[in-house]
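A.B. asks: Pasting the relevant annotations from TrEMBL:
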DOMAIN    7-54  domain 'Phorbol-ester/DAG-type'
DOMAIN    69-120  domain 'Phorbol-ester/DAG-type'
REGION    158-178  region 'Disordered'
COMPBIAS  166-178  compositional bias 'Polar residues'
DOMAIN    278-377  domain 'Ras-associating'
DOMAIN    467-604  domain 'DAGKc'
Amino acid sequence: HWQVPVAHCFGPPGHYKRKFCTVCRKSLESPAFRCEVCELHVHTDCVLFACSDCRQCHQDGHLDHDTYHHHWREGNLSSSARCEFCKKTCGSSEVLSGMRCEWCGILAHAACYVIVTPECTFGRLRNMILPPNCVQLFSRNFSKLHCFRISENVQTESDEDDDVDGSTQGSTKDIQISTDSSKQTLKIFDGNDAVKRNQFRLISVPRIAKNEEVVEAALRAYYINDDQQEYELQTFTQQVLLSDDVINRNDAAEDSNLGSVFRESVPEAWIIRAKPKDEEVIRIYPAWLKVGMAYVSLRVNKDSTVQTVIKEVLPLLGRQTECLQNFKLVEVLMGSKQVQRMVLDNQELILNRLKDIRKTSIRQMNQTRFYIVENSKSIVQVNLFVGGLPPQLSPEEYTNILKEELAIKTNVVSVSHVYQAQGAVVLQISCFSEAERIYMLVKDTVVNDKPLNAVVIPTVMASKIPRNCCPLLVFVNPKSGGLKGRDLLYSFRKLLNPHQVFELTNGGPLPGFHTFSKVPSFRVLVCGGDGTVGWVLGALEEIRHKLVCSEPSVAILPLGTGNDLGRVLRWGAGYSGEDPYSILVSVDEADDVLMDRWTILLDAEEPAEGAENGIAEPEPPKIVQMNNYCGLGIDAELSLDFHHAREEEPGKFNSRFHNKGVYVKVGLQKISHTRNLHKDIKLQVDQHEVELPSIEGLIFINIPSWGSGADLWGSESDNRFEKPRIDDGLLEVVGVTGVVHMGQVQGGFRSGIRIAQGSYFRVTLLKPIPVQVDGEPWIQAPGRIIISAAGPKVHMLKKSKQKQKK
């Protein structure tokens, strides 16, 4: 099937249980690499033999096409997987077996998948996947981790102290130097490159083995299936190497220093060489989609040049009427970590080229393809999102800061978008090395004590997105919820297009919204706690006017503690490891609901505490957005103590349950308190003064869930008030008498004291009081607080009823 070479995206090696290596097909006991974008798993010392067959998630100016074929990957399926065609089991937990398309998820036996129609329609999630042919990214020098914005300190389940060496010498683990006197162990190199790096594979063969058996074992060690008669082994003598100058001196001396005593135990070394040929058949791949034809075979001899090859191949591809000058022959080395392309000179003799590659490395010859490519003007355009700049400057001021700090070359760098409120710009760069230089430099640049951050972002070609497609923009906070965010990032990148999945620790929500700004219709999934949801909704509010789809609906996958909004919208109390695929299906089937958001203006009248000799500026008013609730007094005080505990020992807070336990402990220390809050604050609701009962906490609630699922308002009907709803433009105001009362509400035995319901509130603080909004606490100086409805209601997604699992 027609494959475009796409390099894999490897983070640091880790330990993966119950997975098998694509190359040697054995299980992964030792540290191994896994691709962050597709299901490839491979041992660290097999990675050199894997080739670049990753999913093509965007167009990059090479081999672009709009038709998508299944992207088959073998093995690592669950043992219950069934073949789409013969309906029998095709997965296994014992061996590498079964095939799966990494876009649509269809499963098949290795024998059955060949009959599948090649075209892929992206399966059940097709309406939420960002179609790869609509995404463009020219990324020459950027690593795959940069292109997919994957933070490089990805922690897998690996043990940190494992010293993993990428060299191929690791294969000694399979072959202990044989003590059996009838066997001998040989060192095998596959060409000059391996000799230069001293990377060999060991093979063990009988002492009386025939020459061809040794050649066969050597080829097998390098996973080469060719006919062994085309190869021979050349002894590896010091002389050859020193004269060839392909090895550094200290390595060369290594063997000769071992006195004759050890001569016996030192493995003999051999190099695999291809026997010279006067003619052979080569495959030429067209760089455009030719139905039913992956490549053409061509016989070449010692007079064949690159030009004669192009001339002979064009008629075979039905392009005989076209001018030879419009085509070039490109040699593509498809290594697992990068794809290297080299345009061949028209006069070069093709057999000489093959001879050179084979001399360098038989393995690399095995990973090399020749493509015939149409000449076209190559475009260079890299988009870099740069954040962390001072807010509210003009485009000229931003350009000047970038000139000063990063010495940007304005002939190849232009500022294409400015986000003043957030202190961010998007740079359009037409030179790869300049893009790479800026990207690396930004990481070490600080402006006004704030570190800058840079993210490589793709271009989404909105006009190509199909009508019924509503891609899902996914934000994950990897720090939320016992670090489950990391696993979700990995799963969602695999199930969708990685270009639609954004890590919030990598520049916040803005890079994601910017990338989707031209998409005609999209939805959002936020994976994180209530604080994360508030962060994303706040960013959406600020950037809404720059989005073509200005009111995308937002779904929540609750991580972390609290998650009151997640509960109200039926997404549950917190993620506990459900299958990420079924989560996406639920998002696809969710119902659209509206929700009020509120603006809180905090205006302190006196200078902040701790001002030197009493002369201080009054604090400027602070404006915060609220989705769930706002608490004054005891509720905020507990939250504040908890925050301090968290900051002192963040390592302890990995589990959702541990977080809750700390809340309870903090609460117990507060039980003896005076109920005086009502004397320290005044409340006005919709222009009317409201008298407060004797309470220790006052809470404004927008949604019927507070403090991890408690119903503070209560369910009994009351002719004084409307039944609360999340979209009625009203907030409910409730009082609590203290920690014991709060505990009873949490336990479901009591509700709070109903005080008021309204749409505009004025609170006057007579002394400093703890305040919290959606779980973020601080101490507020005396002054005024005004709460009013914020802008348009937001569209949220509520999990539909029939989908709810008990």
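Each residue, glycine too, has its Cβ placed from N, Cα and C.
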A.B. asks: Taking 7-54, 69-120, 278-377 as candidates, which has the most Cβ pairs under 8 Å with the domain 'DAGKc' (467-604)?
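C.D. replies: Between the candidates 7-54, 69-120, 278-377, the best contact partner of the domain 'DAGKc' (467-604) is 7-54.
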A.B. asks: With helix taken as DSSP H, G or I, strand as E or B and everything else coil, how many residues of the domain 'Phorbol-ester/DAG-type' (69-120) land in each class?
C.D. replies: 3 helix, 12 strand, 37 coil
A.B. asks: Mean pLDDT, the domain 'Phorbol-ester/DAG-type' (69-120)?
C.D. replies: 89
A.B. asks: Over the span of the domain 'DAGKc' (467-604), count residues by DSSP class, listing helix, strand and coil in order.
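C.D. replies: The breakdown for the domain 'DAGKc' (467-604) reads 53 helix, 31 strand, 54 coil.
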A.B. asks: What is the three-state DSSP composition of the domain 'Ras-associating' (278-377), stated as helix, strand and coil residue counts?
C.D. replies: 30 helix, 37 strand, 33 coil
